[in-house]
Amino acid sequence: MAPYSLLVTRLQKALGVRQYHVASVLCQRAKVAMSHFEPHEYIRYDLLEKNIDIVRKRLNRPLTLSEKIVYGHLDDPANQEIERGKTYLRLRPDRVAMQDATAQMAMLQFISSGLPKVAVPSTIHCDHLIEAQLGGEKDLRRAKDINQEVYNFLATAGAKYGVGFWRPGSGIIHQIILENYAYPGVLLIGTDSHTPNGGGLGGICIGVGGADAVDVMAGIPWELKCPKVIGVKLTGSLSGWTSPKDVILKVAGILTVKGGTGAIVEYHGPGVDSISCTGMATICNMGAEIGATTSVFPYNHRMKKYLSKTGRADIANLADEFKDHLVPDPGCHYDQVIEINLSELKPHINGPFTPDLAHPVAEVGSVAEKEGWPLDIRVGLIGSCTNSSYEDMGRSAAVAKQALAHGLKCKSQFTITPGSEQIRATIERDGYAQVLRDVGGIVLANACGPCIGQWDRKDIKKGEKNTIVTSYNRNFTGRNDANPETHAFVTSPEIVTALAIAGTLKFNPETDFLTGKDGKKFKLEAPDADELPRAEFDPGQDTYQHPPKDSSGQRVDVSPTSQRLQLLEPFDKWDGKDLEDLQILIKVKGKCTTDHISAAGPWLKFRGHLDNISNNLLIGAINIENRKANSVRNAVTQEFGPVPDTARYYKQHGIRWVVIGDENYGEGSSREHRALEPRHLGGRAIITKSFARIHETNLKKQGLLPLTFADPADYNKIHPVDKLTIQGLKDFAPGKPLKCIIKHPNGTQETILLNHTFNETQIEWFRAGSALNRMKELQQK
C-alpha cells in the first residue's frame, strides 16, 4: 500500500494536482446507495474521480467545481472536445426527476420510444396540479378527484417503466429531491426549470424539457453546450434580517434575467459557511431567473449536517472521503467574477413584473410611491420550491410570534405552503404551523399552488390593480393569479411575514415600528430559528410508490376520448426543401416568457393533451401590430382573431408560419409544451434577437428552427404582413448562417442573415422531424 500511495502522491505533484485521499485513489471502499428508495443504485465517486483525472491531464489546469462535476460525467472524457461556451458535451446524468405537469408529455414520449424500462433512476412528483382554494386537506381531496385520470396514468406508467411515483400531497419536486435524492457531485436533470435547487447540496442539477429527459431515460448520452462558469465570491456572513434569498435577489439585480445564460453560477469563498444547506438551495433555485444553466455550492459541513439529518450520513461520510473532487481547485479560472460581502448585504425585494428589478426593502416603499405601484399589500404568500424549508418556516414563525405577543395579526391575507409532507409534519409537531395560523395564515397543500398560477383567487376582480408579496421565484405579469394588474414582488419568507403584518410596502422591519393592541409601539427583532429540527424530521404520511420488480402485467391506458391525455403522433419529416413564403403568425413586442407562450394555471389540466393545450398558444404575447394580447391578423381573411385560432386556420389551409420575437424569448419554465404547441399547429421557425437556453433546446427537439438575427436591428425590418423565405437548409451545417428573404406586400424584398446554434446531432433532429423521430430511426438501423 505504502509504495503505491507514494507513487500516486508523486504523480499528482508532477501534474499539479491536489493530493487526494488514498482510499479514493485506490477504489471506492464501500458501496453507498444513491437513495433509500433505490438500494441497488450506487454513487459512483470512483468513476467521477477517474473522469476528472483524465480531463485534468488533458486540460492541464485547475478546475472549477462545476467543471469537475460536469466533466466527471462525460460519456467519453478521453476524446470529448471541451471549450467553454462553444462545444457540445455528451454527458451521462445520474438520474431524472419529473413533475406531474411535464411528466405527462415526457412519459407519453417515452412510451412512443418502445423501450421497456428507464435506463437510469427516475421519479415522478405530483405537485403542479393542486389548486389553492380553501386550504391543504380540502384542496388536496379536490385535486385527487379532478386529476384522477392523470394521476392514474402517471402511477401506472411509472410502475410499467420502472419510475418511482410520489403521490399528490407528497410535496414540491425540488424539496423532495433535496430530502431524498440530491447529493454532492450528482448530475441530475429535471423537467422543471428550478431543478438547480439541488445545487444547495453540491450537485449539478439542470432543468430540461421532457424530450431531454426521454433521451436520458432511454440511455442515450445527453447533450449540453459546454457552460461557462460565473464565480460569485461570498465574504462576510449573513446576520439579522438578511437571508440567503437576498443573495440571489442581489445577484439577479446585477446579472439581469439573461445575464447567466449559457453559464453555471458557482458560489465560493468564506461567506459560504454562514449559509445553511437549504439556504444554499434557495440561492441555486432562483438562479433560473437569471437564465443560468444551473448554480452550485461546494461541499461543506452544512451539507454534511443536512445529509445526516435527512438519514443519509453514509453519503456524507463518503463525500468526506472524496471532498477534493467536490470543491473547486485553488487558482481555478472563472469567466466572470462577482463579489458580495454578506455582512454588508441588506434585505431585498424584487419586482414587480420581473424578478431582476431589485430594491433594498428600505427603499421599495418610496420607489412604489414614485412609480404609482399600490402600497397596500393584499396578500402575503410564503413557501414554494424556493423557500419552504424548515428554516424558512421557523424564521417566519419567529416574526409571527412577536406580532402575536403584542396582540397583532396580519393586515394582509397570508398563506403558507410547506415544501413537503416531511416539512408539513415537522412544523406541525414543532408548533410553527400553529403560530402561522394564529397570526392569520392559511396552510395550503404541500404543492406549488399560487407560485405556478394554481390559485383560485377571490379577493379581487381581473384588471384590479393590487400588490402581493411572495417568497416565490417568478413574478411575471399574471403568473400567480392571471390578473395582469397584480404587482407581484419576491422576497424572503420572513420579510413577507413582516410586510403581511404591517400591510404595506412602506414598512421596513429593520427600522420601523408597529403599534401593538395596547397602543404601545414596538419593533420586530430579526428572526432567529434553527436551520434543522432538534429532533429528527417527522416523515408524515407515506406518499411514495415503488415501481414493482415485475411489471410485465402492468397496463397503461389512455382513452381515445380523453380530454386530459392524448397519445402522440410523430411530427412530419423535413421535406428536403427551403421554407418558402412563411406567414408571420405574430411579431411579438417586448418580453415573451414561457408564461406568455403557454400559460400555466388553469391550463395545466391539459398538459397531457397536445391538441387541447395548444389552444393557449401565445395568448399572452403582445402583438406589435395592434399592441394587444391574443389578437393577430389572419393574412387570408384580414380579420383579427385569437392566436391559436389563426394558427389552426393556417394549418388547415396548408400555410406554414413563423413567429418573430424579441430578446430572451422563452425565459422561464422548462415545460416543452411551449415548443410542442407551435410545432403541432404548423409552425416551422421562431426568429428572435436571443433565446433562453431551455426553450431554444426544446424547440430544436421538436423539429423547429430557433434562429437569431445576425444583426438584432433586422428585427425592425420585418412587418407582420410580410412573408419570409428561409434558405440554406439543404446545406444546413453547424456555424453556417441561413438566409432569410423578407417579402414585403409592395413587392420589394430584403435579405438578412439568421444565426443558429445547431450541432450535427441537432440538425439530424430537424431533418427527422424531431429528436424522438431520430431516436426511432437509430433504433431501426
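The first residue you see is number 1, and the count goes up from there.
Even glycines carry a Cβ here, placed using N, Cα and C.
Here is what Swiss-Prot records for this protein:
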type: BINDING; residues: C385, C448, C451; note: [4Fe-4S] cluster binding site
type: COMPBIAS; residues: 524-537; note: compositional bias 'Basic and acidic residues'
type: COMPBIAS; residues: 551-561; note: compositional bias 'Polar residues'
type: MOD_RES; residues: K31; note: N6-succinyllysine
type: MOD_RES; residues: K50; note: N6-acetyllysine
type: MOD_RES; residues: K138; note: N6-succinyllysine
type: MOD_RES; residues: K233; note: N6-succinyllysine
type: MOD_RES; residues: K517; note: N6-acetyllysine
type: MOD_RES; residues: K573; note: N6-acetyllysine
type: MOD_RES; residues: K605; note: N6-acetyllysine
type: MOD_RES; residues: S670; note: phosphoserine
type: MOD_RES; residues: K723; note: N6-acetyllysine
type: MOD_RES; residues: K730; note: N6-succinyllysine
type: MOD_RES; residues: K739; note: N6-acetyllysine
type: MOD_RES; residues: K743; note: N6-acetyllysine
type: TRANSIT; residues: 1-27; note: transit peptide
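Within its own chain, the compositional bias 'Polar residues' (551-561) is flanked in space by residues 108, 111, 149, 153, 156-157, 159-162, 567, which lie at least six positions past its ends and keep a Cβ under 8 Å from the stretch. Neighbour density at the Cβ, taken as the number of other Cβ atoms within 10 Å, is lowest among the binding-site residues C448, C451 for C451. If you measure from the Cα atom of C385 ([4Fe-4S] cluster binding site) to that of S670 (phosphoserine), you get 15 Å. The two recorded residues, C448 ([4Fe-4S] cluster binding site) and K605 (N6-acetyllysine), show a Cα separation of 14 Å. With DSSP classes pooled into helix, strand and coil, the tally for the compositional bias 'Polar residues' (551-561) is 0 helix, 0 strand, 11 coil. Checking Cα-Cα distances from K743 (N6-acetyllysine) against the recorded positions (C451, S670, K723) with a 10 Å cut-off leaves K723, in sequence order. Cα of S670 (phosphoserine) to Cα of C451 ([4Fe-4S] cluster binding site): a span of 15 Å. Mapped onto three states, the DSSP output places C451 ([4Fe-4S] cluster binding site) in helix. Between the alpha carbons (Cα) of K730 (N6-succinyllysine) and C451 ([4Fe-4S] cluster binding site) lies a span of roughly 45 Å. If you compare Cα positions, K233 (N6-succinyllysine) sits closest to K50 out of the modified residues K31, K50, K517, K723. Take the Cα of K605 (N6-acetyllysine) and measure to each of the recorded positions K50, K138, C451, K573, K723: the nearest one is C451.
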